[in-house]
Amino acid sequence: MDSRPRITVIGTGYLGATHAICMAVMGYEVVGVDVDPAKVDRLNSGEVPFFEPGLPEQLAKALASGRLRFTTSFREAGEFGDVHFICVGTPQQPDSEAADLTYVDAAVTALAAHLHRRALVVGKSTVPVGTAARLAALLTSLAPAGERVELAWNPEFLREGFAVDDTMRPDRLVFGVTSAWSEQRLRAAFAPVLAQGVPVKVTDLQTAELVKVAANSFLATKISYINAMAEVCEATGADVHDLAEALAYDERIGGKFLRPGLGFGGGCLPKDIRAFAHRAEELGVGQAVGFLREIDGINRRRRARTVDLVVELCGGDVAGKRIAALGAAFKPNSDDIRDAPALDVAGTLQAMGADVRVFDPAAMGNAAKAYPGLTYATSALDAARDADAVVLLTEWTEFRQIEPSAMAAVVTSARIVDGRHALDRATWRAAGWEYRALGRP
Ligand code: UGA
């Protein structure tokens, strides 16, 4: 058996592009496939179509090696690949909490027609548990090679902003398989990662699907837990910042994902917990994860409470007030604005009559497309010029490094809401700012 399978990656969005590029850098022959010819052209010419630190350099390396190319042809993919990774998106359906599986089904269907020899198809997309078993049957029925085409599940845990590192050196690999052959093929496809001693957990298909949503649900729960404590702190005058630090010393709890503030957004955590709750209900075990709706509710309240705090700071009304909004992306080191808490807050303040001026180091283009009514500034200081209040919404390093006195010099009123608990309260207050953060006196 070929020890280095040839790889195809179907879908070249965030996950797929990173996976294809990193696999090629790790020495595999890779073909990336996308239905969008413009995206394929950009990638082939060395351009990463989204912001991800370090990825453009890896793409240049992969293309120079001659081991990576992108195509729109499923025929080419089917003829080329031994192991095919499915990396297409599973967004929330427009009118339901369920995941939209249109792209996954379309990718598997389009690929299956060209599978004439033994091959492994590996799902990486986040899907409702039970999807893999259905896709396995679909593949067998559609592929000319029939039962010689197997399906495995290999959930992806990479974080935006750390995508290259998380792909090259993940915390763990999960292989959901139905045969020893599939496991062997996956081990061959991840040989350089496994050689570093990365642990691998081999499971059945449904456990592998569940690991992913269980992990994201746990992370969302940690964030909403500390934000729930912030609500209690607000009612008592206690300080959630100190509370979180004190909790983190307990190694069983740990400090990661315990940063209070505006809460979680992005293309994964919010839609994954909703789709999981929905799927559990379909399976008759909705009660088991009913708490996820509470997690979602706590998270949504953070956005409303941040708006309230800005209004409060502005004396009860923001109509006609100029507000500087620092940040648009759902988190730093990303240009992703999907379900971004920052833009939700900025948009709400604008709808209340405020003149909101937004600045983000990477997400301005995406933000302007989605929220054309907001005003976009050229820098944090430009956004803050003549502002009646400043609100920090995404904790970019450059915002953490703002000199409070320099910003005080350009605003009308030195008032700031630190929506991400990212600034040093004492320093800002010492520079004359009225500093407010949720859950902190
Ligand atoms: C998340 C998971 O962390 C990844 O493991 C997973 O692979 C990915 O979803 C996915 O399913 O594709 P990501 O969405 O890139 O990754 O972002 P995170 O770093 O998890 O941050 C999510 C949100 O939580 C951000 O809005 C962030 O600002 C917020 N957050 C994070 C907090 O509010 N507090 C924290 O302590 C940590």
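Cβ atoms are placed via backbone N, Cα and C, with glycine included.
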Listed in TrEMBL for the substrate site shared with F157, L158, R159, E160, K212, F257, L258, R259, P260, G261, G265, one of K201, K321, K331: K331
Alpha-carbon spacing, L258 (substrate binding site) to C268 (active site, nucleophile), which is rounded to whole Å: 18
Neighbouring C-beta atoms (10 Å sphere around the C-beta of K212 (substrate binding site)): 24
Fewest Cβ neighbours within 10 Å, where candidates are the binding-site residues R159, K271, R338: R159
Annotated recorded positions F157, E160, P260, G265, C268, filtered by Cβ under 6 Å to ligand 1: F157, E160, G265, C268
